[in-house]
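K.L.:
Feature list, courtesy of Swiss-Prot:
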type	residues	note
TRANSMEM	53-65	transmembrane segment
TRANSMEM	85-99	transmembrane segment
TRANSMEM	106-118	transmembrane segment
BINDING	Ser126	Ca(2+) 1 binding site
TRANSMEM	129-148	transmembrane segment
TRANSMEM	151-164	transmembrane segment
ACT_SITE	Ser164	active site, nucleophile
TRANSMEM	174-186	transmembrane segment
TRANSMEM	189-198	transmembrane segment
BINDING	Asp204	Ca(2+) 3 binding site
TRANSMEM	217-223	transmembrane segment
TRANSMEM	226-234	transmembrane segment
TRANSMEM	242-250	transmembrane segment
TRANSMEM	256-265	transmembrane segment
TRANSMEM	275-286	transmembrane segment
Amino acid sequence: MRTGPGWLLAAAALPFFACAQEATIDKVHDTPAVRGSIIANMLQEHDNPFTLYPYESNYLLYTYTSDLNKKAIESYNWSDNANKDEVKFQLSLAFPLWRGILGDNSLLGASYTQRSWWQLSNTGESAPFRETNYEPQLFLGFATDYSVGDWTLRDAEFGYNHQSNGRSDPTSRSWNRLYSRLMAQNGNWLVEVKPWYVIGDTSDNKNITKYMGYYQLKIGYQLGEAVLSAKGQYNWNTGYGGAELGVSYPITKHVRFYTQVYSGYGESLIDYDFNQTRVGMGVMLNDLF
């Protein structure tokens, strides 16, 4: 597999973060969490040892897609009757395993993200789950405040990612990656880049990088109380990729109205090589900020 310069730069920077980050921030876990920083939030101390932290967004949407990938699920006895409307939801949580592993502003953490596409309206087929993706991670994270111009690097994360759909052949899909995640802020802007390097067996989906590329880019902007977001992945050599746009607005203190549009390849593992456009509306518990 090929690896881009972003991954090489991030890997080379790991010793620098381990040695230097302690001098740049005065005990992040003794101060309020930095807005939008996953790592700074996880460094906050709580009395309850079982406290879980949000990692990616947590949401529930009613969605409709332009096209359904029935060919990929033709081994299911209900595939011909699958509906284009689905409930899509994401659960994403993290837990700090060891705060201060490489200095006050570092941690060893684990996260678990699950995305599901549920045929809730398909009562004639007992409302099956068409696809669920399971994504555990183990990572080293650093909260930083290094600045270049008006931009401040807030999170630096280096870890291992496994993603699979938990199915047996012929619908089994999975891959393993080493990754880095760098997040920077400038006022109401947030930019995050997550390059990866694929490792291990990809026989279930040998050409997955053709459609999913070698990185994910995420951009967020806070406009008043609303949050506008965009993220996507793209392979510059093949011209394939996918993008997700989102808008959220608070309904209550802890619940936000959320609209999402996904277009392109790779919305789920079963659809990694399938092009579609999906529109959804629902609620969200946490956004980028």
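Cβ coordinates are placed from backbone N, Cα and C, and glycine is handled just like the others.
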K.L.:
Taking every protein chain shown into account, which of the binding-site residues Ser126, Asp204 has the largest tally of Cβ atoms within 10 Å of its Cβ?
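P.N.:
When each Cβ's neighbours within 10 Å are tallied, Asp204 tops the list.
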K.L.:
Using DSSP and collapsing to three states, where does Asp204 (Ca(2+) 3 binding site) fall: helix, strand or coil?
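P.N.:
The three-state answer is helix.
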K.L.:
Within this structure, do the transmembrane segment (226-234) and the transmembrane segment (275-286) have 3 or more Cβ pairs under 8 angstroms, counting pairs 6 or more apart in sequence?
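P.N.:
By the criterion, they do not touch.
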K.L.:
Hey, which bits of the same chain come close to the transmembrane segment (189-198), Cβ under 8 Å, at least six residues off its ends?
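P.N.:
1, 3-4, 6-7, 10, 36, 151, 155, 161, 175-183, 208-209, 214-221, 288-289.
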K.L.:
Are there at least 3 C-beta pairs under 8 angstroms linking the transmembrane segment (256-265) and the transmembrane segment (53-65), leaving out pairs fewer than 6 apart in sequence?
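P.N.:
Taking Cβ pairs at least 6 residues apart, the transmembrane segment (256-265) and the transmembrane segment (53-65) are in contact, with 3 or more under 8 Å.
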